[in-house]
Ligand SMILES: Nc1ncnc2c1ncn2[C@@H]1O[C@H](COP(=O)(O)OP(=O)(O)OP(=O)(O)O)[C@@H](O)[C@H]1O
Ligand SMILES: [Mg+2]
């Protein structure tokens with residue numbers, strides 16, 4: 001692609017124009033990141049009076065700490081469940097809507113509505129639905145013989161946060177899936193129909209493979225989202241409990257750092273998280289660039 | 001192989017558009033039928049109804065004598081070649097060819113045999129393991145053909161399969177499709193809006209207009225004896241000249257110029273049709289009724305554009321004929337087609353048929 005090139009005659013003007021953006025990056029990202037890296041090599045006592053350099057001590061302690069390894073496992077379960085649930089449901093909805101859209105184009109604008117409404121309503125909605133005292137779902141489950149209590153039961157708590165976190169993602173995933181499905185030419189499905197593939201077979205042998213760039217993109221986005229942006233969901237719903245059953249990595253950084261004031265360990269954890277983000281971003285760019293549409 | 005019959009087939013799209021308004025068409029076993037007509041006349045709709053990709057609003061379609069109105073596309077034993085080829089982009093050429101066979105649970109060695117055979121016929125063996133993306137337009141076109149052939153279906157359906165190719169390749173593929181169809185003897189229905197493609201490929205040419213069959217028959221019959229001004233102007237390039245004329249007492253005049261006498265046609269306004277290559281112009285600088293405007297050189301022939309009694313007229317002649325600003329028409333009355341001025345229906349059918357018989 002040809003981009004428009006501007007020639008600056010003043011040597012300093014380009015730097016001046018870049019300065020605000022650079023300043024924001026440095027102040028809000030690079031500097032705190034550097035602080036975290038520095039902090040992660042130090043150990044401070046609880047009163048902040050004494051600081052000593054411990055090298056990789058904080059990291060080594062983390063990896064022999066059962067509660068940290070547990071957080072890793074919880075995060076993995078959480079991320080995979082949220083990605084699977086939110087993407088699965090979104091794909092199901094998208095396939096249904098795609099059929100309607102192919103018959104009638106005028107519905108397209110309506111699709112943006114759930115995206116505008118969903119996040120705002122989601123919090124309140126799930127809080128009401130699952131509230132053990134006034135919620136309808138615990139009541140319904142009780143009728144079915146299941147004693148729902150996410151305050152005591154780790155699995156219930158995990159299910160709750162997975163649903164709450166997925167809910168927000170569904171509309172986002174849904175839009176991408178609809179766009180992806182719409183981009184698949186109708187004639188391919190027709191060719192497959194003539195080639196003797198039933199609707200289900202058609203979906204798995206033609207539609208889904210062609211959707212794989214979208215699916216992969218969403219997978220990375222969703223995993224990133226569950227790992228880093230579900231802090232509020234966890235904090236509001238379970239606070240990482242009961243007994244650490246929903247204590248994901250990001251939440252543990254916060255608990256250890258700001259509640260337990262174990263700053264060295266917290267910093268080491270955030271540095272590890274930072275590397276995970278970098279890795280995910282790298283994967284995203286490398287793979288998506290290479291595996292774009294056919 | 002099978003015959004295909006359409007009995008008063010109609011298509012009304014949701015929303016009320018009547019795209020096909022009652023079409024009767026018997027297609028012989030092994031026949032090559034070309035549906036041709038202007039954009040929006042319902043060619044694709046008709047083809048897609050045969051394929052089972054559109055529901056049939058009314059009437060009946062039979063393939064090999066079996067009513068298929070409610071059969072799934074897969075159960076109609078047809079193969080279709082799409083305008084955009086519709087190759088599966090995530091599959092290799094080999095997988096594209098074998099997909100339909102695998103879905104039908106054919107034995108593996110039989111699939112391999114058929115794919116090899118098809119690839120050999122179409123000369124695509126060299127890139128069986130490539131993805132469609134890595135092929136040229138012409139090669140993709142071949143693969144699309146291969147995907148139809150490999151199934152050995154009762155009928156091939158083509159929807160403008162050559163319209164994405166450049167002019168030269170189109171002529172070449174046109175020839176190959178014709179040869180292939182002869183060789184395989186598979187009943188084929190072919191949709192195009194290119195009249196030349198239609199003329200050259202068809203055993204039976206069907207001209208559609210506004211969802212109805214305007215005329216059907218052998219290409220040359222349609223060319224020589226168009227039933228309507230629509231068919232007359234649609235087939236042939238350059239198109240037939242259509243002049244407003246008047247008949248009185250059997251004499252046909254364009255303006256004040258008499259063109260033919262003793263026509264068995266009632267008096268009144270008519271449309272006179274003249275193929276550009278069916279008459280000659282002779283230089284006559286004093287009384288010539290044709291005023292030459294400009295000349296287009298085509299190499300072996302040239303097109304003379306001009307006016308006759310204020311109406312545009314095109315003549316195609318060899319380059320050896322002399323030119324002048326004013327010329328007279330040298331016209332064989334048999335080359336004249338006379339149509340009803342209002343409805344465009346042919347008026348002189350009986351007369352012309354009699355002429356032909358007397359010549360034979
Ligand atoms: N899905 C549809 N819904 C409503 N109307 C349709 C639909 N598909 C086609 N039509 C209408 O039916 C008529 C015939 O369409 P069709 O596609 O058969 O034309 P065509 O002869 O193949 O034209 P072209 O040469 O442009 O491909 C057109 O007026 C078109 O607008
Ligand atoms: Mg069409």
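Placed from the backbone N, Cα and C atoms, the Cβ positions cover glycine too.
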Transmembrane segment according to TrEMBL, located in which of A:46-66, A:109-129: A:109-129
From A:132-156, A:157-181, the residue range that TrEMBL assigns the feature transmembrane segment: A:157-181
Transmembrane segment per TrEMBL - which of A:12-34, A:242-264: A:12-34
